[in-house]
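Asker: Sharing a structure, written as C-alpha cells. Questions coming.
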Amino acid sequence: MTMKRRTLLALTLATGLTAPGIALAQADTIKIGLLATFEGAFTVLGEDSERGAMTAVDEFGGMVAGKKIEIVKGSSDASPDSAVRAARKLVEQDGVKILVGPLSGDEGIAVKDYAKTHPDVTFLNGSSAAQDTTLRDPADNFFRFSTDGAQWMAGLGTYAYNDRGYKKVATVAEDYSFPYTQVFGFMAEFCKAGGTVPSKSWVPIGNKDYSSVIAAIPDDVDAIYVALGGADAVNFLSQYNDAGGQAPLIGGSITVDQTVLTAKGRMRDVLIGTPAAGPTADTNDSQAWKDFTAAYKKQDGAFPSPSLFAHAYYINMKAALLALDKVGGDLSDDGAKLRQELSTISFETPTGKVSLDSNRNAIADMYLTEVSEAADGTLVNKLIKVTPQVNQTLGIPTDEFLALGAVSRENPSCP
Amino acid sequence: MADASRSTPKPLSQGQGMTRRQGVGLGLLVLAAIFVWMVFAQWPDWLNAILISKKAFLSAILNGLTLAGLYFLVASGFTLVFGLMRNVNLAHGSLYLLGAYIGYEFAEWTGYWLLGVAAGFLILAVVGLVMQVLVFRRLEGDDLRQTLVTIGISVVAADLMLAYWGGTTYQILTPEWLSGAVQLPIVTAVRSNGTEVLLVYPFYRIVVLVSAIVIGVGLWALVNRTRIGAMIRAGVDDRDMLAASGVNVHVVFAVVFALGAGLAGLAGVVGGSALSVAPGEDVRYLLASLVVVIVGGMGSIVGAAIGALIIGLAEQIGLVYFPTYGVVLTFVIMVVTLAIRPQGIMGGTR
C-alpha cells in the first residue's frame, strides 16, 4: 500500500513539474531563443546582432500569426562550448522551439552538431559563417539564411589581382574555422587569377599584441589580406599603423565592418581605400537597404549603418517569422511544417533575393566594397560591384568543390 | 681547527680547469656573444630559414621586452602587496582595467595624454587605499576570506565597467610626439642594390620599455635604499616584530597597497595606449601577473622583473614561431618553475 502511495506521490510530483511547461507552450506566445556573443572579445558584435534581430521582430510589430513573440536571450563568448551551453539552456530550460544564433564560426559548427540531438527544435543561424556548418555533414533542422565566409569573398580575389594589380599577398587571420573559410574564399579567386600567397599567419583569437606578427610578414608582398574581427581587428590595424605599415590592406568581411570602422583609434589612414567584400555595403542606395537602415537605427545604440551581424541576424529572424506566419504559428507537430516551409521559402531582403540550397544554406547577392570617408567624416564601405546570387560552392559543381577539401590552415595553398 | 681547514681553498682546484661558477660565467658570456652577433651581423640564409627573418626575430625580442615592461608594472604592485600582507589580491586585474578606462576618459577630456597617465596612477592609488581601509583591514589575518572577497570585487567591478563603458574597444591615443616609428641602428637586410634596410620600431614601445626600467629601478631603490623601504622589507620578513618595534604597520600597509594599485592603474593607461582597452583585459593581466609572480618569486621586485622578462619573451616568441601552441609555453614555464623551484626564481625560503 505504501509503495503504491509513494508511486502516486511521485507521479503527482512529476505532473506538477511538467505541467507548467505544457501550459506555457500552449499560451499565446511564441518563444524564440536569441543566441549571440554578449561577452568576450566579440561583445560589440553580439550587441549589434541583437539590434538586427529586434529590427525584424519590430517589423512584425512583435506579433506573428496572432501570437506574441517572446525573445529569450542566451549569451556565449565566441567559444564553441559556451555556445552549446547557452543553446542547451535555451532549449532545455527555457523550452524554446525556435533558436536564432550563434554569431561566430566555431560556435556555428558546435550548435549544428547540438541541433542533431534535438530534431524537434528549429535552428536558424545567426551570423556564423564557417563553411562546414552546412556544407559537410549538415543537420536537417539547421537553416542558414545568411551566407558563409567563402561566399562573402565573391569578387574580391579577382578585383585585387586584376584591378589593384596585387600579385603577391600575405594573409593574417584568426586561427579558427570562419577565417579559414574567408581565406579560402579569397584565395580561390586570387590564386586562380594567377596571384600567390607566400605567407599565412594564424593568430589566436583575442590576441592583443600583433607587432611581432606584423614584423614576420615578408617585406616583398604587394598587400596584406586581413581577416580579423572586433577588438582583434582594432588592435591589428592601430598597431600596423604605429609600425609605419607600408603595404596596402585587403579586408576580410568583418575586418572593415561597422563594428571596427566605428572603434576609437588611430587607424583611418591604413583603412581608407581598403577593398573588401561581404553580404552588405554601407552605401548601397537601393530603397530596401535604405528602409532597413532607417528601421535598424531606431534600436538603442545603433551604428551609423547596420553591421553585417545585424544584417545576418535580421535575415535569419525574418525568415523564421515569415515561415511562422505562413504556418499560422502552429508548432504542434514539433515544427515539421515550419521546417518544410523554411526549406522552400524565398524572399526579398534589404540585400536582394535569398533562397536556400539543398543543404539549407543561402544563395544571395554579394557586395564588393572599398572603405571610404563619408561626407560626415564617418568611415563607410562604398559599393563597387554586386556579384549576384552566389551559392555555397562559388559556382563550381558540388562534387568538384567538395574535392577541394575542407578548409584549414594549409588548405588552400598557393605559395 | 675544523673551520680553518674548511675555509682554506683546495690547491688542486686551481690546476683542474674551471670551478662551476666560472663555467656558468663563461657559458653566459658565450650566449651573450651569440646574441650580440645575432643582433648586429648580417644573417646567413640558413639562419633566416630557421627563424623566418632577422626582422621577425628581433621584433619578437623587442616586443617581448616591451610586454615584459608592462607585465612588470602590473606584477610589481601585486608582488609587493602579497609579500607584505600575505594577501593575494585577485582584484588586481580590475585595477588595471579601471586605470585604463580612467586614463582614457581623462586623456579625452583634457586632451593631454600625460594627464591621463597621472590620473590613472593617482585615482587608482586612492581606490587602493580605500580598498585597504574598508576591506582588507577588516579581514586582516583571514587569508581565505580576503581572497574570496577580492574575487567577488573583481566580478562586480568587471560587470560595472561593462555596464558603464560598454563592450567597445577603446584605444587611448598617444600624443603626436610619442607616436610613429623610429629606425634603430640595426641592419635587418641588405637589398640587392647595396642599401641597408634598418629595423623600424614603434617609438612609443621604446618609451614604454624605458619607463618600465626607470620605474623598476625606482622601486628597487625605494625598497632597498630608503627608510620606508626598510620598513617594508622588515614587514615582509616579520610583521609582528615590525609592529612591536614601534612602527605603525597599518600606515605601511596602506602606503604599499596604494602604491601597488597606482602602479596597476598606470600600467593600464600605458598598456591601453600600446594595445587597447576592452572587457576581459582584467582577467588577462591578473593571470599574467599571477604567472609572473609565481615564476619570479612572491614578494620580490627583482623576481617580478625576471618573471616578467621570461613570460613576456616566451609569449612573443611563441606567437611568432608556434602561434597555435604559444599559450601553452607560458604555462609550461610556470609548471617547470613550480617543479624545480617552488618558491620562484628569486623567492626566499621561508
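Cβ coordinates are placed from backbone N, Cα and C, and glycine is handled just like the others.
Sharing the features that TrEMBL gives for it:
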type     : residues  : note
TRANSMEM : B:21-40   : transmembrane segment
TRANSMEM : B:60-83   : transmembrane segment
TRANSMEM : B:90-107  : transmembrane segment
TRANSMEM : B:113-136 : transmembrane segment
TRANSMEM : B:148-167 : transmembrane segment
TRANSMEM : B:203-223 : transmembrane segment
TRANSMEM : B:249-273 : transmembrane segment
TRANSMEM : B:285-311 : transmembrane segment
TRANSMEM : B:318-340 : transmembrane segment
Asker: Using a Cβ cut-off under 8 Å, which residues of the same chain at least 6 positions beyond either end of the transmembrane segment (B:60-83) come close to it?
Answerer: 89, 92, 96, 201, 205-206, 208-209, 211-213, 215-216, 219, 223, 232, 236, 256-257, 259-264, 266-267, 270-271, 274, 285, 288-290, 292-293, 296, 298-301, 303-305, 307-309, 311-317, 319-321
Asker: Between the transmembrane segment (B:148-167) and the transmembrane segment (B:90-107), are there three or more C-beta pairs closer than 8 Å, counting only pairs 6 or more apart along the chain?
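Answerer: Taking Cβ pairs at least 6 residues apart, the transmembrane segment (B:90-107) and the transmembrane segment (B:148-167) are in contact, with 3 or more under 8 Å.
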Asker: For the transmembrane segment (B:90-107) and the transmembrane segment (B:318-340), does the number of C-beta pairs under 8 Å, pairs 6 or more apart in sequence, reach 3 or more?
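Answerer: Checked: the transmembrane segment (B:90-107) vs the transmembrane segment (B:318-340), no contact.
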Asker: Quickly jot the same-chain residues contacting the transmembrane segment (B:285-311) by Cβ under 8 Å, restricted to those at least six beyond its ends, or write none.
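Answerer: Answer is 64-65, 68-69, 71-72, 74-76, 78-80, 82-84, 90, 92-94, 96-97, 154, 216, 219-220, 223, 236, 264, 267, 271, 330-331, 333-334, 337-338, 343-348.
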